[in-house]
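J.: For reference, the structure I am asking about is given below.
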Amino acid sequence: MFKKLFGQLQRIGKALMLPVAILPAAGLLLAIGTAFQGEALQQYLPFIKNGVIQNIANMMTGAGGIIFDNLPIIFALGVAIGLAGGDGVAAIAAFVGFIIMNKTMGAFLNVTPAQLEDPSKGFANVLGIPTLQTGVFGGIIIGALAAWCYNKFYNISLPSYLGFFAGKRFVPIMMATTSFILAFPMAWIWPFIQNGLNAFSTGLLDSNTGLAVFLFGFIKRLLIPFGLHHIFHAPFWFEFGSWKNAAGEIIRGDQRIFIEQIREGVHLTSGKFMQGEFPVMMFGLPAAALAIYQTAKPENKKVVGGLMLSAALTSFLTGITEPLEFSFLFVAPLLFFIHAVLDGLSFLTLYLLNLHLGYTFSGGFIDFVLLGILPNKTPWWLVIPVGLVYAVIYYVVFRFLIVKFNFKTPGREDKQASVANTSASKLPFDVLDAMGGKENIKHLDACITRLRVEVNDKSKVDVEGLKALGASGVLEVGNNMQAIFGPKSDQIKHDMARIMNGDITKPSETTVTEDTSDEPVQLEEVKETDIYAPGTGHIIPLSEVPDKVFSEKMMGDGIGFVPEKGGIVAPFDGTVKTIFPTKHAIGLESDTGIEVLIHIGIDTVKLNGEGFESLVDVNEPVTQGQPLMKINLAYLKEHAPSVVTPVIITNQGDKTLTFDDVDSVDPGKRIMTIK
C-alpha cells in the first residue's frame, strides 16, 4: 500500500515539473522588463528611458506576468500531460474540464461581477468567468482528473454506430461530464478548505515564521532523493500567504506574491520560502565539491575534478543541485542529512537578516542577478558574506567527515579486484549467488542494458558483490533489482534461468562470452569518427533521458534522441553487431571500431517486439543513413513510458567525445564526434 502511494506521489511530483519549467522563461521576461522600467537601473543606464525601449520593457513585463496570472490553467494542462505520458489529448480534456468546472461553480454559487470587487469573499475572474477561486490546487485537481480519464478511456471501444467517438475522442467527453459533477462538491467543500489553508498559513507564517522557514528548507531538502519536494513546496509557493495588489486582487503563495511585488515595484514582503537556497547553491555546495575533489585518491583526481567542477558550476549558475548531491547521497547519508540541516539554517539566517529574495527556477546566480541585484529592492549583498561563511562550513565539515568515516565519495572507492578474478563462464553462477540464490528469485528478466530481478528478500542481495562482478550500477525499486551488466545482461539472464531449472550444472556449460569491450580500440589512421542522427527528430542531453541507467552514464556517454518519424537509420558506416530478440535495441560497430548502442524508447523490452520491424541482420554491413529498424511510433507512444532513444558509445575508453550544438535533426545531420 505504502509503495503504491509512494509511486503515485513520485508521478505527481514529476508531473508538476512541466508547468514549473515554464516559470523561468516567464520570470526572465518579467525581471528584465521590470528592471528596465525601474529607477535603479535607469540611474546607471539613462539611455533605456527611450520610449521605444520602455515600450518593449512594458511588453516584456506583460508577457511574463500573464503566465503568473494564469498559473491554475497552466498547472491543469501540465499535470494532465505529465500524468498521461505526454499525450496532448489529456491537455485538451484538462482545458475542457477547467472551464466547465469554473463556469458551473460560478453559476451554482451565483457569482456576479460585482462580487469580485471584494476579494475577501474568495471569488475571482478566471479566464473571464466569475467563479470560486481555487487557485493552483484547483488546476492540479483538474489535471489529475483529466489524466485519470485519459488513462481509463483512451482505448475504449464503442458500438459501430458510435465508432467516431471511440478511443481518445471519448476522453474529453468523459472529462466534460466528470468536471461538471466535480463542480458541485468543489463549490461546497472548497470554501472550507480555503479557510483552513488561510488559518494554517496565517498561524504558521505569522506566529512561528522562523521555525516555519527552517523546517521548510530542511524537509524540502530531505525529500529531494524521493522526488517528492515538488509536491511539498507547491502549497508554500502558490497558496500559503496572501497579499492584495494595486488592483485589489488577492495574490496567494510566496512565489506569486514575490513576482507580483517585483512587477509593481513595491516594498517586498515575500521570498521567505525561496531565498535560503542562494547561500547553499552558490557557495555551500561548490565548496563541498572542492572537499570531495581534494579527498579523492591521487590517481582519481583528474576524473573527479572534471565531474565536481561541472556539478559545482551547475549548482552555482542554475541552482540545479542533484548532480552534486547524488554523488554523496547514497555513499554518505550523514553528509546529506547535515546538508539538509544547513539548508534549513540558511533559510532561517536570511529571514533573520530581513531579506526578501526569490526566484522562478532555483537559487542560482542567474536568478540572483535577475530577481535580486537588478530590482535592488532588498539588501541582496548580505547573501555574499553569508555564502562565504557557508562555503567554509561546507568545506570543513565535508572534508573532516569524509576522512573521519572514510566515506566512499567519488574517487575514494575501493578497487574491485574481483572483477578480474571472475571468468565469464562462471559469471551467471556468481550473479545468482549475489542475488541471494535460486530461492530468493521471484521473477527473472533482462533487457539489452540490465538484468531485472524481482527478489523475495532484498536483504539477501549483495549489492557490492554485484558491482564487483562487473555491474556498473545497481538500482533498487522495492524488491526489484536492476543490475547493469550492459549487452551481456540477456546472456546472464538466459544462463541463470537454465541454472535454476537444472539444465546447467557447471560453468563450462554457460553461454556468456568473454567481454573484450574494455580492450583498447586501435585507430591507426582514422583520428576521429563522426556520428550522425539515427533518424528524424530532435536531440536532448543524456542527463534528461528518463532512465537512470542512461542519464547517469552507467552504459556510457552519448545523447538522447526523440524520434518524430517511424524509423531508425545507421549513424555511420559499419556492421550490425547485436539485435536484441525483442528488437527494441541494436548494437553497431563503426568501420573505425567505435561501438554504439541505440536503445529505442524506455522500457520497450516489455513490448516483446510489438511495434518494431528489423530491416537488417546481425553481422550485416551497413552504410550511414541506411534504414535499420522500422518502428510504429504511435504504438510506442501509447504503450511505452517514453520514446526517448539513448544513443550510447559503449567503448569510449580514453577517447574524447564532443557534441554538436543541434536540436532538430535528420539522418544527414552530425550529432557528435569521437576522437
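We number each residue from 1, going along the chain as drawn.
Here the Cβ of each residue, glycine as well, is placed from N, Cα and C on the backbone.
Source: prediction; values computed, not measured.
For C447, the entry in Swiss-Prot reads active site, phosphocysteine intermediate, with the evidence type sequence analysis. The active site, tele-phosphohistidine intermediate feature in Swiss-Prot is assigned to H599. As annotated by Swiss-Prot, domain 'PTS EIIC type-1' applies to 3-414, with the evidence given as sequence analysis. Here Swiss-Prot flags 425-506 as domain 'PTS EIIB type-1'. The domain 'PTS EIIA type-1' annotation in Swiss-Prot covers 547-651 and is backed by sequence analysis. Marked as transmembrane segment by Swiss-Prot on the basis of sequence analysis: 16-36, 59-79, 81-101, 126-146, 173-193, 199-219, 273-293, 303-323, 328-348, 355-375, 378-398.
Neighbours and distances for these, please.
T.: When Cβ atoms from all protein chains are considered, those within 10 Å of H599 (active site, tele-phosphohistidine intermediate) total 28, not counting its own.
Here the domain 'PTS EIIC type-1' (3-414) has a mean pLDDT of 84 out of 100.
Per-class residue totals from DSSP over the domain 'PTS EIIA type-1' (547-651), listed helix then strand then coil: 15 helix, 44 strand, 46 coil.
Below 8 angstroms of C-beta separation, residues 42, 48, 53-54, 56-68, 71, 74-75, 77-79, 81-82, 140, 230-231, 234, 255, 259, 262-263, 265, 359-361, 367, 370-371, 374-375 of the same chain, each at least six residues beyond the ends of the transmembrane segment (16-36), sit close to that stretch.
Sequence-distant contacts of the transmembrane segment (126-146) (same chain, six or more residues past either end, CB-CB distance under 8 Å): 12, 15-16, 70-80, 82-84, 90-91, 93-94, 97-99, 101-103, 105-106, 109, 111-113, 115-116, 171, 175, 178-179, 182, 186-187, 190-191, 193-194, 234-235, 238-239, 250, 252-253.
Here the transmembrane segment (273-293) has Cβ contacts under 8 Å with residues 213, 216-217, 233, 236-237, 254-255, 258, 301, 304-305, 308-309, 311-313, 315-316, 319, 321, 324-325, 327-328, 335, 339, 342-344, 346-351, 355-359, 362-365, 368, 372, 383, 386-388, 390-395, 398-399, 402, 409-411 of the same chain, all six or more residues outside its ends.
The list of residues near the transmembrane segment (303-323) in space but at least 6 beyond its ends in sequence, with Cβ under 8 angstroms from a Cβ of it, reads 224, 277, 280-282, 285-286, 289-290, 292-293, 296, 359, 361-367, 410-411, 543.
Sequence-distant neighbours of the transmembrane segment (328-348) (same chain, 6+ residues past either end, Cβ-Cβ under 8 Å): 210, 213-222, 225, 272-273, 275-280, 284-285, 288, 292, 386, 390, 393-394, 397-398, 401-402, 405, 407-410.
Note on the transmembrane segment (378-398): residues 268, 271, 275, 278-280, 282-288, 290-292, 328, 335, 338-339, 342, 346, 349-350, 353-357, 368, 372 of its chain, located 6 or more positions outside it, place their CB under 8 angstroms from a CB of the stretch.
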J.: Short question: which residues 6 or more past the ends of the transmembrane segment (81-101) have a Cβ under 8 Å from it?
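T.: For the transmembrane segment (81-101), the sequence-distant neighbours (Cβ-Cβ under 8 Å, at least 6 residues beyond its ends) are 11-12, 14-18, 72-73, 127, 129, 138-139, 142-151, 154, 168, 171-172, 174-176, 178-180, 182-183, 186, 637-638, 641-642.
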J.: Cβ under 8 Å, sequence separation of at least 6 from the ends of the transmembrane segment (173-193): give me the contacting residues as numbers and ranges.
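T.: Distant contacts of the transmembrane segment (173-193): 93-94, 96-98, 100-102, 104-105, 108-109, 122, 132, 134, 137-138, 141-142, 145-146, 149, 152-153, 165.
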